[in-house]
Structures are given as C-alpha cells and as structure tokens.
C-alpha cells in the first residue's frame, strides 16, 4: 500500500480542448442533432419523486439506531442524493425548463438541492460553466485537483483517503483555485436550505438531519456511483482527456456516463445523449471508454500510473462573453 504514483505533475498540453471542433464538425454533418437541444420532459417529475422519497426517509429513520441509519444513508440515501447532484448538473444547463426560462431552472435546482442538506446548486452552476468553457484550464477549471492533492495523495492508501474525502475537495477547492464573489442567488439558496433543514429537524429530530448529510457525504465519497468523478476526465490513456461509460448506472445518474457526448453538446439533456451516439457513432465508438465505475475506482487506487495528477491541463485565455 506504500508505492507512490509515478506522475509528479499534470499532463500539460498546448492544444485546445477537442470538444469544440468535434461539435462544429458534427453539427455540419448532422444538423438534426440540433433538435435534441430541448428540455427533458421528465426530469421535473423524477426530481420531485426523489425529493419526496428522501423526505419520507427522514420520517422512517427517526427511530433507527445510529448503525442502521448510517447503513441506509450509504446504501439508499447515498444513491438518491448523488443522483440529485447529477440532476442539478443537468439542470445547470437549463434542461428542465429550457434556456428561455433560466430563472425557473435556477429555482428548480435549489429545490433539487433540499435533501442534500447543504446549499450547493447555485455555486455549482457558477463554476460548472468554466469547466465546460475552459476544460483543463489552469486556475479556471476547479474540477482539476490542486498541486497539493497531486503531491500528497500519491500512494494507494492516500488515494483511497482522497476518494473518501471527495465531497470536501469539491466543495473547498473552488475557494482556493478560483474564488468568486458570493451572489444573491447563492444567499437565497442558503436561506432556503436552512429553512428546509430547520423544518426537518423540528418535525423528526437530529437523526433525520444526520441521515440527509450522511447520505450526501457517504454517497459522494467512496461509493460505486462516485466512480464517475474519476472516470470522466482522469487520463487512463495518454492523449484522451474525456471518457464515456455506457453501463447500467446511467439509468440512475441522468446519463452522466455519456460524458464525451455531454461535453460535445452541453445543451442536450442527459436523456437524449444516447441519441447523439446513435446519430453519429463514428465519432464515439472508436474512443476509449469505461465499462465499470467500480473498476475505475480500483484502478485509480492501485495503479501507480494514476492519481490526482492524471489530468490534462492547459493555459486558457479568458473569453469575453459568458455561456
């Protein structure tokens, strides 16, 4: 468990991200893809159902022992809350109500945020725009680990700890890498979340709150679904910085596994991404892909060639306009 990862720096490149050029080529060749840039008609009802399920779970766990509460938080609540974060990811691209109803999308993301226990949705959108525009951008893409993470989490034991602590790194890293002013919507997100938490505590006590928070921290940490964090952009094969996964866990994660397709067409909802691959298979079938998120986690921990440094990084010029 003591072997150090082989890399001592990121994979620096001097080319633009591949998604921009591929998007232009595909739209020229298959203009019908534009028809997929429309709202997901089902995401509203799916999210509503998941939020209500977690509220019901708060009532059910109020009398459980702490041991069983944490078990169900990992095995059940972790799946629901992680799935909700991926719904928020999809909604951040205005897929619930369309681009003409940006405010509705923002508030619906705040609603989807409720069972997560901590205000997250608005801040996520603020930084996720940069992740797409400046993929791998030094000091801009906060999805890239810090130099400290790459240096310190370099052995199997430390990489395992890094996976457990993923929720904390994803929350705190933006404040260090690319701090931005707090927005009015972020404050409103926090106030709504606080009101929800106080209501849950008043109704069913501290165990309900612990269940929600544990569902988020455990579900976003060392959990099978969390394999997507590593699978999406960590360089398992030199020269490739984005990877897709086409397995069954897409059914509960809003097709986040179709990640190459997503970066090619961020405005297409997850529910339609399989159609992109069907329309233009020659752009995707030859690319390296993952077949198991659990195996991704295993390989990340035990392969010396993999670690937090296994990311493509580039210098990016700031764009004048905003997405």
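Backbone N, Cα and C define each Cβ position, glycine as well.
Note that the structure is a prediction, hence the values are computed from the model and not measured.
The annotation N-myristoyl glycine is assigned in Swiss-Prot to 2.
In the predicted structure, the region 'Required for C4-hydroxylase activity' (95-99) carries a mean pLDDT of 96. The region 'Required for C4-hydroxylase activity' annotation in Swiss-Prot covers 95-99 and is backed by similarity to another entry.
Look at Swiss-Prot and you will find 89-93 tagged as motif 'Histidine box-1'.
Tertiary neighbourhood of the motif 'Histidine box-2' (128-132): same-chain residues 89, 92, 140-143, 178, 263, 266, 322-323, selected by CB-CB distance under 8 Å and a gap of 6+ residues from either end. What Swiss-Prot lists as motif 'Histidine box-2' is 128-132, and the listing cites a curator's inference.
Among the features that Swiss-Prot reports, motif 'Histidine box-3' is placed at 259-263, with the record citing a curator's inference. Note on the motif 'Histidine box-3' (259-263): residues 17, 19, 132, 135, 228, 231-233, 242-245, 270, 273, 276-277, 284, 287 of its chain, located 6 or more positions outside it, place their CB under 8 angstroms from a CB of the stretch.
Taken from Swiss-Prot, the feature transmembrane segment applies to 41-61 (among others).
Sequence annotations record features per position, and here Swiss-Prot assigns transmembrane segment to 68-88 (among others).
According to Swiss-Prot, the transmembrane segment annotation covers 200-220 (among others).
Counting residues per DSSP class in helix, strand and coil order gives 3 helix, 0 strand, 2 coil for the motif 'Histidine box-1' (89-93).
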